[in-house]
Amino acid sequence: TQKMAELLGLRDERGEWALGAPALAGSCLAGNRLNLDVYPDGCHQFLQLFEGRQGEVVQVEFLRLSSNDRLLGTTLDILPQLKHLKSLVLKGGHARDEFGSCHHGSLTSLPPDFGNLMGLTHLDLSFNSLSTLPSCILHLPSLQVLLVSYNSLVALPEDFGSLSKLTFFSAMKNQLKNIPQSIGELAALRGLDLSENALEFLPEEVGNLHNCTELYLSGNRLSNIPASLANLKSLRQLHLHSNLLVTVPASLASLPNLSRLDLQNNCLRAVPPEIQTSPFVHLRGNPLGETEPSPQADQSSARGLRRLFLASGEDSFTVTSEGCKVVLACDIHFYFPPGAAPDPLRICFRTLAPDPRHVRLRHHDVLLSRVLELQPHGAKFQQEVQIWMPYATPHTLHQREVVVRTFSGQSWSDLRTRVEQKRKSKKHVAHCSVLHFSWFLVVSRLVQNECKVPTEGTLLFSSVDPNIKVTFPPGVTEETRSVKLQVLPVSAEEMEEITADAGCRASPLLCLSQDSLEDFLRPVRVQLPLPPGVTGLNLDQSRLHLLRGDLEGQTWDDITSQVVLEFTHLYAVFEVTHFSWYWLWYTTKTYIGGIAKKVYERLRVYQVNFIALQRKKDPEQVLLQCVPKHKVDPVLKKLQDRYRGPEPSDMVEMFEGEQFFAAFERGISIDMDRPDCVDGCLSFIFYSHLKNMKEIYVTSPVDRKGQAVKGQVSFYRGAVPESIPEDASRRRKGPDSLWLATLPIKLPQLKPRWSENPNPLNGFSFPPLNLGNAETGYLTQANLLSIARRVGADWQTIGLNLGLTYQQIERIGYNNREDLHKQILDMLFSWAQQNSEDPDCVSKLITAMKESGRQDIADEVETIIELGRQKYRESIRRVGLEQESSTEDSAIAMV
């Protein structure tokens with residue numbers, strides 16, 4: 001038990017190991033820390049802990065809760081009783097909507113007595129619903145770090161400057177239009193992030209932040225900045241990209257410590273020479289050297305428009321009435337003509353993996369791109385905005401067409417799309433024009449012909465096969481309707497392969513649809529070509545069947561006896577009042593419906609193979625992929641230098657957009673906390689033209705010190721059936737089985753990676769180490785492991801601030817892909833081993849945490865060190881050395 005507590009870093013408030021039932025039964029309460037934000041019922045657990053172990057809970061110094069919790073209000077009333085609280089995280093964003101967007105927390109205010117938390121130094125209220133900053137926050141005398149990002153703040157209190165100890169403040173992604181003049185009174189402020197707001201000007205008092213080292217103002221509406229920014233002599237980074245700046249003070253170039261000045265994607269037509277020639281200034285995306293367009297200029301002209309180039313990681317830009325061209329890092333292009341947005345408008349974007357629960361593909365559709373989301377949803381433009389979306393080129397474009405599909409919030413619809421090819425790269429892009437923003441994707445569909453049907457009637461032809469036509473007689477409708485026609489040709493070879501009947505023939509599949517729920521008032525005349533090889537001269541009418549299918553293709557009815565069929569030498573003509581699928585079959589078989597359903601489904605499926613490969617240098621990295629049959633050899637050839645593994649699985653059939661799962665079995669497991677992990681299995685969605693690939697880190701609960709682990713990965717359609725045993729043979733299969741394939745995976749015998757006598761934790765082994773010294777206090781291995789549990793996604797920033805190089809960070813991330821905790825451990829212990837002899841390494845760790853915005857961890861380290869100092873002084877006092885030292889110092893002073 002003591003060893004477990006040591007590995008987990010569990011200490012009580014006295015610094016002793018937290019042993020026994022309280023620490024282990026309530027593992028979320030670890031000494032002075034309580035982390036409940038990862039639990040969906042975290043507030044409920046907090047209330048239970050408070051009721052049962054109140055004496056321990058009121059001693060908590062570091063608390064994390066989710067504000068998506070329904071019991072948040074009751075919990076807030078209790079928090080002021082935690083008088084020892086130093087760090088409080090009340091973040092939302094733990095729940096997501098159907099398109100993957102974070103749900104903001106329900107927090108809108110804080111109780112008035114919240115201001116009685118006199119020792120609170122770190123407060124994180126990000127991803128909530130705050131429209132105003134709670135006034136009680138201004139009464140927190142010790143507050144050093146305040147995070148209110150991703151809220152709905154429109155203003156800050158006028159006396160915001162009363163937070164005299166504040167060192168870092170972030171209000172990014174709010175709706176701030178101005179900031180109070182008292183901001184200049186924050187003399188201790190070192191970091192200020194006001195990016196992604198609606199700021200139009202800055203007060204001169206910002207120039208009083210003499211200790212500020214990083215200032216983030218990107219993504220606002222600033223047309224100029226105060227010259228007082230030149231007073232910020234400590235400033236190292238100034239981010240002003242994606243604003244509306246037309247001028248910048250030349251004095252910025254003289255800031256002595258400035259290492260980055262980001263002015264990209266503004267409206268700068270000229271900049272002072274001393275700024276333009278500075279190596280740390282970034283100016284891409286500005287119309288430098290271009291003249292101001294005159295009011296008489298042709299507003300529809302694209303010449304002279306501002307060009308914005310968004311780097312990877314940027315997710316928004318501003319459009320003004322002047323218009324602009326925008327290029328995203330994923331190569332999506334936009335053209336906003338002058339006047340499209342009468343007022344400055346902030347556009348946010350992201351690309352999403354398609355989810356079949358929301359991305360509804362029609363039969364025979366093929367998805368060619370990820371989902372592009374553009375916000376604000378429903379924003380109306382005065383002129384059409386043009387979008388160019390790259391897409392995966394379909395295997396065949398014959399008798400198909402590429403369109404951009406958009407989601408209105410209730411249903412998907414296709415836009416008028418033009419396919420273009422880039423001159424240099426030869427890549428294809430889908431070009432469309434829109435007046436509003438929502439979700440967009442690119443699909444390949446059956447060619448669609450459509451027309452309006454007035455009361456006078458009309459004629460509609462198929463562009464795929466002009467011999468297919470639909471005649472609407474006069475009086476067919478009282479009001480004009482919109483009708484659509486699609487055709488799916490079926491070759492004689494396909495029919496023979498699927499039905500195993502050389503004499504079976506079928507016409508092209510015809511799909512008719514309309515925008516009205518009412519049948520037509522008069523019969524509509526349809527002409528279909530006879531099946532291949534059949535003419536009016538050799539036609540045996542007893543073998544000819546007209547089938548009508550529902551829109552899902554699940555039921556096919558033989559309606560030959562219900563209609564009057566007329567024949568010419570090449571065509572069959574019939575009349576209908578109801579629109580659906582229609583299909584002419586020529587066969588000797590009597591029951592056609594079931595066979596037609598089978599053929600229809602086979603026309604929709606893809607033949608695929610599964611592959612499971614392991615990295616040659618790291619067998620615990622497993623690559624899984626579902627590959628269409630014709631792509632298997634090229635994919636394996638591309639991967640063979642870095643991966644090894646068994647032959648691909650046998651061929652199976654899958655529908656476009658079908659879900660399947662990969663389950664690791666026989667002694668191999670994965671991280672169950674992955675967002676794509678369902679009941680211990682990896683979830684995939686098959687799209688024939690997108691990469692159905694995942695690379696994942698696998699482990700084994702089996703002791704691998706003595707022998708290798710021979711496991712396997714199995715693929716299942718829809719879900720893993722409980723009736724199939726885990727150790728079933730590779731060829732298990734049944735008529736109703738959801739099993740698709742099984743491939744072997746072998747994990748080699750485990751070898752020590754850090755020391756000759758390893759003590760493994762989460763796949764790593766660390767040699768004993770103590771950072772610091774006895775007088776100032778030590779950080780032990782267990783302390784570092786405890787700190788690692790708190791770091792989270794900030795590990796790269798912390799690593800850079802600790803002095804690790806970008807190359808080291810990249811190598812750590814690459815070597816530990818798919819395992820965040822291993823990345824954190826590798827970073828932290830790599831730095832510790834490099835700096836174990838440095839007596840100032842602990843203070844450097846504290847500084848790095850503060851610079852990374854992790855004041856909570858910095859406070860925790862300082863608490864541990866202070867405890868070490870106290871123990872050192874007590875030991876000195878016990879042996880009487882402190883008194884002798886004082887006497888000796890007095891004697892020296894007298895001399």
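Glycine is treated like the rest: Cβ placed from N, Cα and C.
Remember, predicted model here, so these are calculated numbers, not experimental data.
Sequence annotations record features per position, and here TrEMBL assigns domain 'ZU5' to 313-446, 447-588. For H436, S438, H578, S580, the entry in TrEMBL reads active site. Sequence annotations record features per position, and here TrEMBL assigns domain 'Death' to 780-865.
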Counted with DSSP (H/G/I as helix, E/B as strand, rest coil), the domain 'ZU5' (313-446) has 0 helix, 63 strand, 71 coil
Identify, in sequence order, the residues in the chain of H578 (active site) that are 6 or more apart from it along the sequence and have a CB within less than 8 Å of its CB; answer 'none' if there are none. D519, R548
Within the same chain, the residues at least 6 apart in sequence whose Cβ is under 8 angstroms from that of S580 (active site) are C511, L512, R548, G549, D550, L551
These are the active-site residues: H436, S438. Which one scores highest on other Cβ atoms within 10 Å? S438
Could you tell me how many residues in the domain 'ZU5' (447-588) are helical, how many are strand and how many are coil under DSSP? 14 helix, 59 strand, 69 coil
